[in-house]
Amino acid sequence: MSSQGSPSVALSTTTVSSVAVQAGDSKIVIAVIKCGKWVQLQLAESQPNLLEIGSSQDETKKLLHDHELLLAKLKALEDRVWELLQEADKTAEENKDQSQVYDAMAETLGEAWAALVSMLERRTELLRLTSEFFENALEFAIKIDQAEDFLQNTHEFESAESLKSLLQLHEHHTKELLERSLALLNKSQQLTDFIEKFKCEGPNVNPELTQGAHSSCLKVDRLLELLQDRRRQLDKYLKQQWQELSQVLQICQWDQQENQVTCWFQKTIRNLQEQSLGSSLSDNEDRIHKQEELIIKAKEWNSAVEKLKSEALRILLSKDYVEKEHLQLSHQKLSQLQEEFGQLMVERNTWLKKANEFFNSANKAFDVLGRVEAYLKLLKSEGLSLAVLAVRHEELHRKIKDCTTDALQKGQTLISQVDSCSSQVSGIHEMMGCIKRRVDHLTEQCSAHKEYALKKQQLTASVEGYLRKVEMSIQKISPVLSNAMDVGSTRSESEKILNKYLELDIQAKETSHELEAAAKTMMEKNEFVSDEMVSLSSKARWLAEELNLFGQSIDYRSQVLQTYVAFLKSSEEVEMQFQSLKEFYETEIPQKEQDDAKAKHCSDSAEKQWQLFLKKSFITQDLGLEFLNLINMAKENEILDVKNEVYLMKNTMENQKAEREELSLLRLAWQLKATESKPGKQQWAAFKEQLKKTSHNLKLLQEALMPVSALDLGGSLQFILDLRQKWNDMKPQFQQLNDEVQYIMKESEELTGRGAPVKEKSQQLKDLIHFHQKQKERIQDYEDILYKVVQFHQVKEELGRLIKSRELEFVEQPKELGDAHDVQIHLRCSQEKQARVDHLHRLALSLGVDIISSVQRPHCSNVSAKNLQQQLELLEEDSMKWRAKAEEYGRTLSRSVEYCAMRDEINELKDSFKDIKKKFNNLKFNYTKKNEKSRNLKALKYQIQQVDMYAEKMQALKRKMEKVSNKTSDSFLNYPSDKVNVLLEVMKDLQKHVDDFDKVVTDYKKNLDLTEHFQEVIEECHFWYEDASATVVRVGKYSTECKTKEAVKILHQQFNKFIAPSVPQQEERIQEATDLAQHLYGLEEGQKYIEKIVTKHKEVLESVTELCESLTELEEKLKQGDVLKMNPNLEDFHYDYIDLLKEPAKNKQTIFNEERNKGQVQVADLLGINGTGEERLPQDLKVSTDKEGGVQDLLLPEDMLSGEEYECVSPDDISLPPLPGSPESPLAPSDMEVEEPVSSSLSLHISSYGVQAGTSSPGDAQESVLPPPVAFADACNDKRETFSSHFERPYLQFKAEPPLTSRGFVEKSTALHRISAEHPESMMSEVHERALQQHPQAQGGLLETREKMHADNNFTKTQDRLHASSDAFSGLRFQSGTSRGYQRQMVPREEIKSTSAKSSVVSLADQAPNFSRLLSNVTVMEGSPVTLEVEVTGFPEPTLTWYKKGQKLSADGHLQVLHKETRHSVFIPKVCKADAGLYVARAQNSSGALSSNVILHVTGNCRLPITRVNWITLCVVYVSVSLMYWLLTQ
């Protein structure tokens, strides 16, 4: 059926029927609604709502199940619906007129049913979709639970792999969570979209559906939000744990990589440490190749290390990572390992290269050793001598050493560098062992040079041993022979002396044997020729000559002594024989004939004794003559004075001669008695026989004298000695003949008396007597001539021997380059020989002349003296020639001595120069190696002193050299030796070196002087910086207290007056320092030295600029009355400048109240000194008339501003030294003009030692004493000294309470106080100049102190200062009107003038007392300690006495009077009210007296501090009044 149209009018809707379907908890009610011709089905009720989805999966499943049952039941009614529709069709067919209605109803009913079924099916789909959603949500929740369990469970991992698995699980859970979340989101979106679509289907929107849709969507959203919250939270924890695990994994992986890299490095390092450098060249080259490959591989590992290090650095720099300490340690370990590996690689490369060089050298060495070995085999076959073989072997040994030294040295160096016990050098050890074994083998084969050297050494040692023994023996003999010999006064003494000389002779002969053995050894081993052997040979010759001289002296002395002893002994024997024979002849009676046999025996015995006596007597006579001859030939000083012995000997010889004659007469008488008993005829017959025999013997004697008469006096000595020996043998015969003649003469006389015919024999007897007398005279003449001839020839022979030895010396040139002592000895020996030769010459000539004169006698006419005369003439001629040669030789030796002495002097100069140069270089080196801190000005000055000392030494050396040079040129003008040129060359070379070194010393000294000047300039710069900085700080601090524009303006002007002229001077100093630094250290290094100065200068200029700007700004602000706002800024400015001074005082101790009190005393001293003058106002700055009213009373001229007007003075800052003319200083520079009168009523009478505070009445007077100008200069300089010393010395720390300031806060004693509490020189320069102009006598002390300060910045003084607080100077006030000025008590000007005059004329030996530190008024709190100190100088040392209120002070339990050097003080540990009053220190000596006064004020402890508000209020009031006054006066 179908509907043809819709009614045109509104039709009513009627519920035809309703159908209820229920399945479980689900129930729907369907209403059949009719509206006109339409019939529709309407869901009237649904439980639950069609869009209700349930709260859980189970509930949804139940809803789905019930809904499916419901739908099944509903579908079961579908047939009935279709049946109804069929019935409707039938009815429509039956009712044609209603067919249209029925068709419409059928159509709408079918559509409604289909729609209803579709709706219910959609619900089924919704529930299924919801079920799927809840299923996904459940899976998502389960996954979340699993992930939570995963997070909550503790996971252990043993390796990075397990950690990776854990991270994978993390990723897996995260991924699944995301997947489940995404699926759930998609499903929820799908479900939500489905609900929204379901809700909006149909022409009308059902509110219930809308509400159900909203409820279902809300459930979905809540569940989804809950799960997503859990997921997000879980995801956060998962991410956090994953991040942590990732970090751990990253660190683990880093550790793994680090372990891998470390293992590789450690393994490689072990290999590098253990691997050998090779055992051969090829092995070494292979290892070098492997090393190159390792270098390439190491680059890769190093890149890995760098990546690890960068990763580690990234991790360390990251804030998210934990446990960084392990990583940091590993990073450091890895860096160290890499560094160690790099060092080992470098070392390994170096060692491999050195090993390669070693093996190359070893191969070259083996090649050379092979050639040496072949050459050694060739030498063995040649059979060379030891000397030649030694030379060849020595060359080979040198070649062996040269070729192996390089290899062994390289190997040893390599072993020492690596490690001698390391396995790396095992191959080096083996190769070196091979080389050494090969060298040892070849060295054993080529040992001829060692054998040769050993033998030569043995020979040298042997010869040296011989010569040493010879020298020792000569040293023992020399002292004995150097003294003259004493022959002794007795025989025993002479025998002792003889034995001593015989021992010396034996010793000399043994020494001679030693010397001969040495000479023989050198002669036999002449193949071992060397410089040492030549020297020993020369030494042996000298020793032989000296020993020869000693031997000759010993032989001569021994001969003299032997002759003398033999003479004495023989004389004694002769005397004994004489006495025996004399007794015999006097007492013995000749026997008669019956005793012929006995008489004959007695006569024969007496005759034998007589003959022995004659022989011994003549021998004694010969010994005496020989002794006298030896004495005549003795050298000068050879024998002690023997005049007495000679005299005794001659007497003995004369006595023996007389004894012979006496005994001869006794014998003759005895013989005559013996013949008396014979008959006359028998006597006559015997007489004739005796006469005949005697005549015959005389003829024989004449024949025996013929050889002597024909003697050639110029013959040989041996012939003459033989002749003399024969003559001596004939002397007994001469005596016998003489006795026979005497006997004949006596017997003839007796026979004549008996009547015998003697007359017939008288002629014969006369002839016999005459002939005998003639022969006797001839014998005497011949004996004299023979004795002199023998003596002459002996002297001549000795002279010839000496001349021959001297000629050999003349041929040899003296050792000009020998030791001066040896040459001196040689000269002395030569002179002794010369004197000996001259003596022998004179003796020979004297003997020759005597002999020739003796020959002139008549009995000697046959003796030939012609040859002797020729010999004398030749001897005279040779003597002259030889003397000339000897003199020339002596001059040569003298020149040699001079040459050696000059050479020694030059060598001494060279040694002195070397010593000076060495010590100077050591001085330079020791100074150079000092650090910059040690090379301070003091060390530099000491270095300059040392250099000056060496410069003086050099000048002294040059003077000595000049003297030696002049002496050389004067002494060796005609010296023929070329050695003089050598000396001159040496002298010239030494002069050149000395000049060069003198230039070095001079340049070094100039350099040191420049360095000293440079350091002084630097110190002056630093001093200016400190001065300027302190001034900036002080002015900045003063500016914080300034309350008026005029005060700031004056302060600014005063500051400019101080700083403006000093800046150009400082820049000149900097420029000078720059030039000096560049000159001393070069451009770049010099710039480094000067950078700090320039930087500091800029900082100071910047601080000055900032200060000026601040002062200008402050002045502008004060114009606008903006004082209160500026003060804090200025205080900040003030403390900014404190920082400027902290750098130079960085390491210094802080200064406590004692330092500040010290500063107060110093300022009080300055005020006391300056305040005694009369003030004079400049004419252009006078204050005008009463027009200015009250301001007139407050303003002073620019150069002399009063403290009352200038409200800048703080009780804390009263210790600061004021600038010249600054607001704090109550004195102008013109105040030094003491003699000027008071110029204006505005002049302020300011106390010499302090200003009374606050409420001081006019009656409270301040006492003052004007010190002499020298004291003023000393005081000023004292401030400078202590200023500089503050930066140089540490301070003792004291416990002190800082005083309360007028601004209500405690001022700490910082470095600012240390600097500002002193008085720099530059800040008082103008005052100093004016003071010196007015008082020239002060200039010397001031300059002296200034120089002392600049010379030694370390000078300090004892810090015994006043223990007083600064409350005494709580402000500076001046009363107006007639009571404005403070009263002063001053020393009369006459006393001042007299003191000054005395000071100016007293010399150093007589100086009047002078206070270099004056007393100053002090205000202290009761119970505080205080020290009143004064320093006095003068000569003689002044005695200082303390007075209090006119009474002399002495030490007691309450106070102490102290004295140390020039400082005198009174120390009161606890001050009480009774201690207040006037104290006077009076110094007196023989040149004058001087006093200094101080007033001690004692205040109570209850004084309230002046707060900052009071000052500010006062300032505001003051400015307000000033402005009102200005407005009113306009």
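Glycine is treated like the rest: Cβ placed from N, Cα and C.
Between the listed ranges 1210-1241, 1370-1401, Swiss-Prot ties the annotation region 'Disordered' to 1210-1241. Of the listed segments 186-211, 264-289, 758-783, Swiss-Prot assigns coiled coil to 758-783.
Taking the Cβ of THR91 (phosphothreonine) as centre and 10 Å as the limit, one finds 16 other Cβ atoms among all the protein chains shown. When pLDDT values are averaged over the coiled coil (861-970), the model yields 82. Each residue of the domain 'Ig-like' (1409-1530) gets a DSSP state, and the totals for helix, strand and coil are 25 helix, 59 strand, 38 coil.
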